[in-house]
Amino acid sequence: MLKFSCTCQKVSITYSHAPFSPHRHSSWTSVLNLHLTLFLSICSLLHREAEGFKEQGNAFYIKKDYAEAFNYYTKAIDMCPKNASYYGNRAATLMMLCRYREALEDSQQAVRLDNTFMKGHLREGKCHLSLGNAMAASRCFQRVLELDPDNSQAQQELKNAESILEYERMAEIGFEKRDFRMVVFCMDRALEPASACHRFKILKAECLALLGRYPEAQSVASDILRMDSTNADALYVRGLCLYYEDCIDKAVQFFVQALRMAPDHDKARLACRNAKALKAKKEEGNKAFKEGNFEAAYDLYSEALTIDPNNIKTNAKLYCNRATVGSKLKKLEQAIEDCTKAIKLDETYIKAYLRRAQCYMDTEQYEEAVRDYEKVYQTEKTKEHKHLLKNAQLELKKSKRKDYYKVLGVEKNATEDEIKKAYRKRALLHHPDRHSGASPEVQKEEEKKFKEVGEAFSVLSDPKKKSRYDSGQDLEDDGMNMGDFDANNIFKAFFGGPGGFSFEASGPGNFFFQFG
C-alpha cells in the first residue's frame, strides 16, 4: 500500500496493488506518477485557498472588523489545520475580542505546531497575563527571549508579569492584616495588565464589600455572573453585599447557591452560618423587647453584636436597638454611647440620631440634642423633625436662664402649696441675718442665694409669669425686670406680721426666726 498525505485537510491518496511483477512495472510507475502529480496539485490548490482566506482575514483585522477576521482565519485553518501562523492570527483576533481563553488555546496550538514561532509564544504569554496567570506568562516570555534575547516586547511583558506577582504578594499580606484598601489598590494595579482575571476581580469585590462600598462590589460580581452564572466566588460576593446591607434572607439564598456550585467554599459556608445566627439572635431580642423583658432583650442584642463585627449595617441597628432598651432601663449614658457607636458605623442612620437626641434631652444635654436634631432635619425636613428641633432649641434657651425650680428645689409640676413651702424653707435658710457672723465671702454668697430664692418665688407664684417662664419666653418682654425687685420685700410680704423680725442664736450653730 502506498499513501500520500498533505498538511491541508482531507487530502490523502492511498493505493493498494498486487505483488510486484516486472511485466507490470512500467504501467505501475505511470499510475504512481499520475497520482503524485494530482496530489501535489490538490495540496497547492488548498494552500492557495487557505492563503486567500488568511489575506481576507488580515484585511478585516486591519479594518478592526474582528468578527469577520475570525471567520476567515477559521476558514484558513479548516483548509490547512497544520499551519501555525493561522492559529496565531486567529489568536490575535480573539484577543482583540477579549476572548482570552479561546485565544490561549489557539496560541498553544500554534507553538505546538512550531516551537520557534515567537508571535505564538508572545500571544500565549499575553493571554496568560490577561487571565492573571503570571507564572505561566513569565515562562512564555522567557522562551521568546531564548529565541530573541533583544525582543523588547517580551522584556516589557516579563516586567509586567513580575509586577503582577508582587501585587499579588502585597494583596495577600494586606488581606491578612485586614487592610482592605491596600488590597483594592493592589488589585486595581494588577488588573491593568490582567484585565480578564476573575480571581483578581473577585478579591477586589470582596474587599470593596468589606469596606462598605457595596454598589461597586455588586457591579464587579454582577459583571462576572453575566459571563459565568455558575461562578461560586461571584455568587458569594453578591450574597456578602446583601448580607452587609442587612438583606439577610436574600443573602442566604446566594450563599446557598454558591455552596451548590462549590460545596467546599469555606467563606460562603461561614457567611451563611453567621447570617442565620445573626438573624435568629436579633429576632430573639426583638421578641423579648416587645414582651417587655428589657433585661433579656439587652443581653440578646449584646450577644448578636459579637457574631460578626464586619456587618456594619446590622450592627448599627443592633446598637440602636440596645440603646432603646437602655433608655427603658434608665441607662441613659450607655444608651447615648450605643447610639454613638451606631452612628459611627452608619452616619446616615436617622433613627440613631433621633434616639441619641432624646437621650440627650432626658439628661438635659440640650446643646447636643439640638445638634442631633439639626442633623436629622437637614436630612429629612418633616414637620415632626422640625417640631423636635424647635422643642430642643427652646429647652436649650431655657437651660441658659436661672432654673427657678432648681433654686426652690421643686419639680416642674409642683403645686402652689409646694412652691410656698419650698420658698419658706429656702428663704429662711439663706436670709442674710442668719449668716451675719459668717465671713464676708459666705455672707455675699448667701445674700445672692437669698435674692435668687426671692426671684424664683416671685415668678413661680405668679400664674402669668410662670406661664411665660415655662414656655421659654423672656420675662423682660412684658416689663418684668427681675433686677428691680427687693428680695426683702418679698420676704416681708410672704411672712407678714406687725413690727420687724430677727434671727437670734439659741446655741452654737443654731438659730431661730422671731417675728416682732
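These residue numbers are counts, starting from 1, taken along the chain as shown.
Positions of Cβ are set from backbone N, Cα and C atoms, glycine also.
Over in TrEMBL, the protein carries these features:
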{"type": "DOMAIN", "residues": "403-473", "note": "domain 'J'"}
{"type": "REPEAT", "residues": "50-83", "note": "repeat 'TPR'"}
{"type": "REPEAT", "residues": "118-151", "note": "repeat 'TPR'"}
{"type": "REPEAT", "residues": "232-265", "note": "repeat 'TPR'"}
{"type": "REPEAT", "residues": "278-311", "note": "repeat 'TPR'"}
{"type": "REPEAT", "residues": "350-383", "note": "repeat 'TPR'"}
Long-range neighbours of the repeat 'TPR' (350-383), counting only residues six or more past its ends (CB under 8 A): 316, 319-320, 323-324, 327, 332-333, 335-336, 339-340, 342-343, 389, 392-393, 395-396, 399
Distant-in-sequence neighbours of the repeat 'TPR' (232-265), which means Cβ under 8 A and at least six residues beyond its ends: 198-199, 202, 205-206, 209, 212, 214, 217-218, 220-222, 224-225, 271-272, 274-276, 278-279, 310-314, 317
Contacting positions for the repeat 'TPR' (118-151) when only residues 6+ beyond its ends and CB under 8 Å are counted: 84-85, 87-88, 91-92, 95, 100-101, 103-104, 107-108, 110-111, 157-158, 160-162, 164-165, 168, 190, 193-200
Model confidence over the repeat 'TPR' (232-265) (mean pLDDT, whole number): 95
Within the repeat 'TPR' (278-311), residues counted as helix, strand or coil by DSSP: 24 helix, 0 strand, 10 coil
Helix, strand and coil counts within the repeat 'TPR' (118-151) (DSSP): 27 helix, 0 strand, 7 coil
